[in-house]
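A.B. asks: First, the structure itself, so that you have it in front of you.
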Amino acid sequence: MKRILVLEDEDSIREFVVLNLKRSGYEVVEVSTGEAAIDAFSKDPEGFDCALLDIMLPGIDGFEVCRRLRQKSEKLGIIMLSAKSQEMDKVSSLMIGADDYITKPFSISELIARVDAVCRRVGLTELRSGDENELHSGPFTINLKSRVVMKNGTPVNLTQVEYQIMEYFLKNQNTALDRLSILRHIWGESYYGEEKIVDVNIRRIRMKIEDEPSNPRYIITIWGYGYKWSAGSE
Ligand code: CA
């Protein structure tokens, strides 16, 4: 059974979320402060598939919790719960390692769909077995079985979303990919978020894989369209 950590200080929202996650077959651990969330996760880092993090909290905020959980685990799925007025939260939370965000007020079907999608991605890490498939490009090797990306033999720490984008690129080398295709491929056909989420993730991947993130060789921007993977040869 998939296990979800729910951090929300407003009792009514938390209870509503927890009840519905349980109804959908998830096991839930609920907390109302950031400190308690970090505590619960630290005690059992392997025990969670996904965390739902509210941003505005009495003690440390959801961004800080996200940052700390991400330090402990690249594998954990993280979804931020952001209030409508906090437009900037979306971009900021993705920058610090969240996989997705959901804006309050949200419907239960929307919430469950996001949680299902994130958990499915996390599950792929464990489930994929069989053919030892590797893709190569320039200094990069990607192992589709272990979902590990190596640069010159050193593993690159990527979140699940970042990994998926890398896999998509390496399967489509030297092909211009438009933002919407990337969005649909990674987040699903029914995703109705903004294409900006793609740019934010690309920026993060570049920080991790490019020698000079401001002058990328591998992930090339195609202005007004999207991105293209290049093996890096001049
Ligand atoms: Ca709150």
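Yeah, the Cβs are placed from backbone N, Cα and C, and that goes for glycine too.
As annotated by TrEMBL, domain 'Response regulatory' applies to 3-119. The 4-aspartylphosphate annotation in TrEMBL covers ASP54. Residues annotated as domain 'OmpR/PhoB-type' in TrEMBL: 132-231. The DNA-binding region annotation in TrEMBL covers 132-231.
How about a rundown of where these features are and what they're close to?
C.D. replies: Cβ neighbour count for ASP54 (4-aspartylphosphate): 24 (other Cβ atoms within 10 Å of its Cβ, all protein chains included).
Mean pLDDT for the domain 'OmpR/PhoB-type' (132-231) in the predicted structure: 90.
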A.B. asks: Please list, for the domain 'Response regulatory' (3-119), how many residues fall into helix, strand and coil according to DSSP.
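C.D. replies: DSSP classes over the domain 'Response regulatory' (3-119) add up to 58 helix, 25 strand, 34 coil.
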